[in-house]
Amino acid sequence: MGDGSGHREVQDVAFAVRSAPSTSSTASEAKHRHTSNGSFNQKKGSSAHLAAWALAYPETSLFCIRKHNAVRKFCILVSHSTIFENFILSCILCNCITLGMSSNREGFDHTRIGRTLNKFEYLWVGIFSVEAVIKIVSMGFILAPGTYLRDGWNWIDFIVVALGYVDIFSSGNLTAVRTVRVLRPLRAITRVRGMKVLVTTMIESMPMLIDVALLCAFTFFIWGIVAVQLFAGALRNRCAGPDFTFAYTTQAAGDGRFLLSNVTYIISDEQSTDLCSGPLASDTSWYELPDGSNQSLPGPGGGGFVCPADQYCAAYGNPNYGMTSFDNILWSWLTIFQCITLESWTDVLYMTSDAVSWWVWPLFVTLTVFCAFFLVSLALAVIFLQFASENTETHDLERQRDEEAAMRRQQREQQRERKARAQQHKREQEGRLTEGDGEEEERRKGRGKLRKDSGSEDDRVVEVSEHGAFFGGKMGDVATGSPGLKGQEVQVQRKKDEDEMEEEKEERRTSQRTFRMMSTSLSETELEGLSAVRRLAYRVAVSPYLTGITIALILINTAVMCVNWYGMPYKVEQVTNYINYGLTGYFVVELMIKLVGLGIKRYFNDGMNIFDFFVVVVSVAEMIVDLLPSVGGVGPLSVLRMLRMLRVFRLMRIWRELYVILHAILRSVMSTAYLMLLMLLFMFISALMG
């Protein structure tokens, strides 16, 4: 059906609805429509969601399944279901547990746990295969835009599922194929929106990181060449004592001396970790004197650690089992990378200082500051700029969408007002019908019915067009994307409105959870309605004098907790305990005054009051533990004493700048939650692969 004919058919049906006879015999039909309104709205909502989801999908899937096919409709609804997504995410987490329990040791598959895990492997492959089939049927496979494999994230799912079948049906030992199982936790990235955005931002920032990578490579080349020139072979030397067991004389050296050769050196275990710069054993000459004793002619001591008397620098090996070395450019790069990560870089500095000279510290300090701080911060800045640019675009789109939603809400309000006026007009005419004769009554009733139909005309058109725009409906196929179909526009618009309302509700809930700092002040009218005791308690609770006393006692509490040291006399400890009991009693009285004056509901509407309540409860519990001789001094319960310091944070109520700083720190920590989750995911995958 063409676009114009489809649009005309919608208009014809709408006209038929508007021109329906408005007689009293239609009252039962109206009642029936009213009772079935809920189910009809549910059908409209599901069809609107279905239409909106399928707009990005091709007309046919797998060359034969069209959009109006019932199986494909079902697959689309299931693939976009929140329950289905949560179920798959739960299966991924359970699969992570089974992967952590598995082992590659010989004979593990024949154990009871191994056989059970193999059965679970069939279950996971089956579940993930069903998920892939559902998405392929709903989206299509690969040829058309918007299909399953046109999304790069789905490639991970498809490859893991395919290799799972290779592992199941293979008869040989495919350890490499089984290793691909560890990639299944990566599928969690596509299910957690925050992680997906973070990974996408990192991938999109790769072109911008090329310049940073080139600068880093240039730095590695420069420092690597310098390190090889200065420290090649220097980290191999240790202090050792000479051994003349296998030494022999070779030639006379004059004055009755003979030159000794094949002198060996022994390095003790205590000195195997101490590097030295000289005198080098290779530069030391040994002579045998006429009396049979041995004499050495050592070389220079060098600028680093000089071995004590009768000991010489002999070759032993590079530190850390040969891993810390500057003998060639490759080992030099590895050691430089270790220093950049700040992993024991000071140990490398001290080793080179002992082996070469104390003046190597400017090289390592410059390397650490430039690479570990500047280059890493530069890379993070590039990623942040990419993330900020995406956030700016997202915020612009959200602001535009909010403005459009506000305009649509205003239009809906105006439409509801027109409908309400029409209904009010109808009720007024029905009231006047009782005063006229029968003929005039019938005439006025027909006129009122006509006004009602004309007042709700837009609603009827919307309902018919929405219902007719369903998949395979008589009024046109939404999936074809035909322009001019009013039903399609209404369905997509309804979906946008619902999403925007959900976002607004979520933002409202987040704001309420984050800033539970509602005002605790009472109006004069509310204050007059309280009893005399509650009015007195309220005036005391909001009094600045009570606030000043509380601040002073909090500072005193902090000072008392500082009066604590190891071996403190018993009397001093008792005095501090009595002071703490008094402070706890004051805070309990303050709590009771605020509860009475403000009321329980208004008191707990303030987030700081909830924090005060928690601190007071913990302080009372700690005081009870100290007073009861049967449980006093118990190790785990003594941790409650440390919680006294939480009283200091009550100063945030007055010290607004402190609250702003701590709140910013908390938001920063919360914003890195997805990054921590991503790091944990990669650590888990690396552990499984190891």
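The count begins at 1 with the first shown residue.
Heads up, the Cβ atoms here are built off N, Cα and C, so glycines get one too.
Worth saying up front: this structure is predicted, and the values here are computed from it rather than measured.
According to TrEMBL, the compositional bias 'Low complexity' annotation covers 19-28.
Among the features that TrEMBL reports, compositional bias 'Basic and acidic residues' is placed at 395-417 (among others).
According to TrEMBL, the feature compositional bias 'Basic and acidic residues' maps to 425-435 (among others).
Under the heading compositional bias 'Basic and acidic residues', TrEMBL lists 451-460 (among others).
Positions annotated as domain 'Ion transport' by TrEMBL: 82-394 (among others).
Break the domain 'Ion transport' (545-690) down by DSSP state and the numbers are 124 helix, 1 strand, 21 coil. The domain 'Ion transport' feature in TrEMBL is assigned to 545-690 (among others).
Marked as region 'Disordered' by TrEMBL: 18-43 (among others).
Per TrEMBL, region 'Disordered' is recorded for 395-460 (among others).
Sequence annotations record features per position, and here TrEMBL assigns region 'Disordered' to 472-513 (among others).
Among residues of the same chain six or more beyond the transmembrane segment (122-143), those with a C-beta under 8 A of the stretch's C-beta atoms are 57-58, 60-62, 65, 71-72, 75-76, 78-79, 88, 91, 94-95, 98, 149-150, 154, 157-158, 160-161, 164-165, 168, 184. As annotated by TrEMBL, transmembrane segment applies to 122-143 (among others).
TrEMBL lists 155-177 (among others) with the feature transmembrane segment.
Marked as transmembrane segment by TrEMBL: 212-232 (among others).
Marked as transmembrane segment by TrEMBL: 359-385 (among others).
Feature annotation from TrEMBL assigns transmembrane segment to 544-566 (among others).
Feature annotation from TrEMBL assigns transmembrane segment to 578-596 (among others). Cβ atoms under 8 Å from those of the transmembrane segment (578-596) belong to residues 533-534, 537, 540-541, 546, 550, 553, 556-557, 560, 603, 609, 612-613, 615-616, 619-620, 623, 644, 647 of the same chain, restricted to positions at least 6 beyond its ends.
Taken from TrEMBL, the feature transmembrane segment applies to 664-689 (among others). Long-range Cβ contacts of the transmembrane segment (664-689) within its own chain (Cβ-Cβ under 8 Å, at least 6 residues beyond either end) map to 96, 99-100, 179, 181-183, 185-186, 188-189, 192, 194-195, 197-199.
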Taking residues 6+ outside the transmembrane segment (544-566), which of them lie with a CB under 8 Å of any CB in it?
572, 576, 579-580, 583, 586-587, 590, 593, 644-645, 647-648, 650-651, 653-654
Which bits of the chain, at least 6 residues beyond where the transmembrane segment (359-385) starts or stops, bring a Cβ under 8 A of a Cβ in it?
201-202, 205, 208-209, 212, 215-216, 219, 223, 226-227, 230, 303, 336, 339-342, 345, 348-349, 352-353
For the domain 'Ion transport' (82-394), would you mind checking the mean pLDDT of the predicted model?
85
